[in-house]
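Taken straight from TrEMBL:
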BINDING   Thr11, Gly12, Ser13, Ile14, Lys38, Asn39, Asn123, Glu125, Gly203  NADPH binding site
BINDING   Lys124, Ser150, Glu151, Ser174, His197, Ser210, Asn215, Lys216, Glu219  1-deoxy-D-xylulose 5-phosphate binding site
BINDING   Asp149, Glu151, Glu219  Mn(2+) binding site
DOMAIN    5-131  domain '1-deoxy-D-xylulose 5-phosphate reductoisomerase N-terminal'
DOMAIN    145-227  domain '1-deoxy-D-xylulose 5-phosphate reductoisomerase C-terminal'
DOMAIN    259-374  domain 'DXP reductoisomerase C-terminal'
Amino acid sequence: MVKNIALLGSTGSIGVQTLEVIDEHKDDFIVKIISGHKNVQRLLEQALKYKPEYVIVTHEKSYEILKKELSTFPIKVILGEKEIAKVYQEVNLDLVIGAISGAAGIPSVLAALELGIDVALANKETIVVAGNIVKRIQKKTGAKIIPVDSEHSAIFQCLTGHEKAVSGLLITASGGPFRNLSPDELHKVTPEMALNHPTWSMGNKITIDSATLMNKGLEIIEAHFLFNVAYENINAIIHPQSIVHSMVLYGDGSVLAHLGLPDMRVPIQYALTYPERKNNSFPKLDLLKIKELEFLKPDTEKFPCLNLAYRAGKIGYTMPAVLNAANEIAVELFMQKDIGFMDIPKLVEEVMQKHEIVKEFDFKDLLEVDKWARIECKKIKDRM
Ligand SMILES: NC(=O)C1=CN([C@@H]2O[C@H](COP(=O)(O)OP(=O)(O)OC[C@H]3O[C@@H](n4cnc5c(N)ncnc54)[C@H](OP(=O)(O)O)[C@@H]3O)[C@@H](O)[C@H]2O)C=CC1
Ligand SMILES: CC(=O)[C@@H](O)[C@H](O)COP(=O)(O)O
Ligand SMILES: [Mn+2]
């Protein structure tokens, strides 16, 4: 069956790799919608190559340029996501790929789920911030989420058919570029050093999160909601080679693992072709070349973000949204060299301490909480 797809965040790391997967399977997909924010040149090239019906742009300047450049083509360019539900319906979608970074990627995913459209989800923030709301919508519409995040794709593939016998999840983490640094050295690292990920090539925000281990923290919350496993039974394990992408532990003592090269095109392809598994020409794993697979305990004293995420997840309600928003701002501040690397967990923790959780909330309330946490994080930084 040919699938009509919308690729949100087509100009990013996941977006570009998704298009590489589509190039491998040209007859299986029609790109109906692409979207971007500031990377006009790349969005224009993609529009000319894939001829989607819609290009959605969320940045005003980019919109003006694209509208002009694409005026002679049968491609509609729209500014912002207000009309996204209408656009989804008009192009008769089979699958939305959520690959925008940060909380900005949540509304377009929720809109798809509300319409009963399945989502291949890279944007982990959707689950971290709005996990309960997502589940409520899925119950109502039956829309499925097929995880793209490599660890969750691994777990998804190791789970199928045996969900009831699961005793735990082991989420692998590369440990990032600073795994072996001392606490003193960690205080002095720069954004350039943090962006040098040892095994994966990804967008800036998630790469910094890998260095602080916040990425693993967000992934633990993501796994809790996606697979209905209690936090007590989800553990992170450092695996510097990034070959084992995660493991599922079963009550009978079996451990099922998913292995592969650190290449996001593999989980992206699985999410796109699911429930089928297809061949491709991408490089394949040769374990004789890898030789060693190590597994180590994470150091949560040096990398406090992991425990902050457990704390936010266990408190639940609006706290994961606070964790995420404060972290987005702290990472931005670190990237601008306004704060040091070890100030990231400090700021996140302080914002969490100030938050009074709300137990009854809808998505609008979550947006308010997100806004509050961002402002609070900046205020605390100004007082530092
Ligand atoms: N990269 C990876 O390997 C992995 C990523 N993920 C997750 O996937 C998501 C995307 O990550 P990644 O591809 O690395 O990120 P990138 O930074 O590479 O790309 C982000 C995409 O989102 C768009 N974007 C940024 N800000 C906005 C906004 N305010 N409104 C609308 N669109 C916006 C960007 O547009 P533009 O570039 O035009 O400005 C770009 O298309 C994240 O949630 C990440 O955690 C999960 C696992 C692995
Ligand atoms: C590729 C992927 O899924 C990332 O989330 C990856 O896991 C990041 O690397 P870390 O394991 O260092 O967080
Ligand atoms: Mn991941």
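Every residue gets a Cβ built from N, Cα and C, even glycine.
Bear in mind that the values here come from a model prediction, so they are computed numbers and not experimental data.
Feature map: TrEMBL annotations on the structure.
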residue : record                                      : Cβ neighbours (10 Å)
Thr11   : NADPH binding site                          : 25
Ser13   : NADPH binding site                          : 19
Lys38   : NADPH binding site                          : 12
Asn123  : NADPH binding site                          : 27
Lys124  : 1-deoxy-D-xylulose 5-phosphate binding site : 27
Asp149  : Mn(2+) binding site                         : 28
Glu151  : 1-deoxy-D-xylulose 5-phosphate binding site : 27
His197  : 1-deoxy-D-xylulose 5-phosphate binding site : 18
Asn215  : 1-deoxy-D-xylulose 5-phosphate binding site : 28
Glu219  : 1-deoxy-D-xylulose 5-phosphate binding site : 29
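Listed in sequence order, the binding-site residues among Thr11, Lys38, Gly203, Asn215 whose CB lies under 6 angstroms from an atom of ligand 2 come out as Asn215.
The separation of Lys124 (1-deoxy-D-xylulose 5-phosphate binding site) from Lys38 (NADPH binding site), Cα to Cα, is 21 Å.
With a cut-off of under 6 Å between the Cβ and any atom of ligand 3, the binding-site residues Thr11, Asn123, Lys124, Asp149, Glu151, His197 reduce to Asp149, Glu151. Cα distances from His197 (1-deoxy-D-xylulose 5-phosphate binding site) to the binding-site residues Thr11, Ser13, Asn123, Gly203 are smallest for Gly203.
In this structure, the binding-site residues that sit close to ligand 1, with a C-beta under 6 angstroms from any of its atoms, are Asp149, chosen from Asp149, Glu151, Glu219. Confidence over the domain '1-deoxy-D-xylulose 5-phosphate reductoisomerase C-terminal' (145-227), given as mean pLDDT on the 0 to 100 scale, stands at 97.
Shown in sequence order, Lys124, Pro147, Ser150, His152, Ile171, Asn215, Lys216, Leu218, Glu222, Ala223, Ser246 are the same-chain residues outside Asp149, Glu151, Glu219 whose Cβ sits within 8 Å of the Cβ centre of the Mn(2+) site. Taking the C-alpha atom of Ser13 (NADPH binding site) as reference, the shortest distance to any of the binding-site residues Lys124, Asp149, Glu151, Asn215, Glu219 belongs to Asp149.
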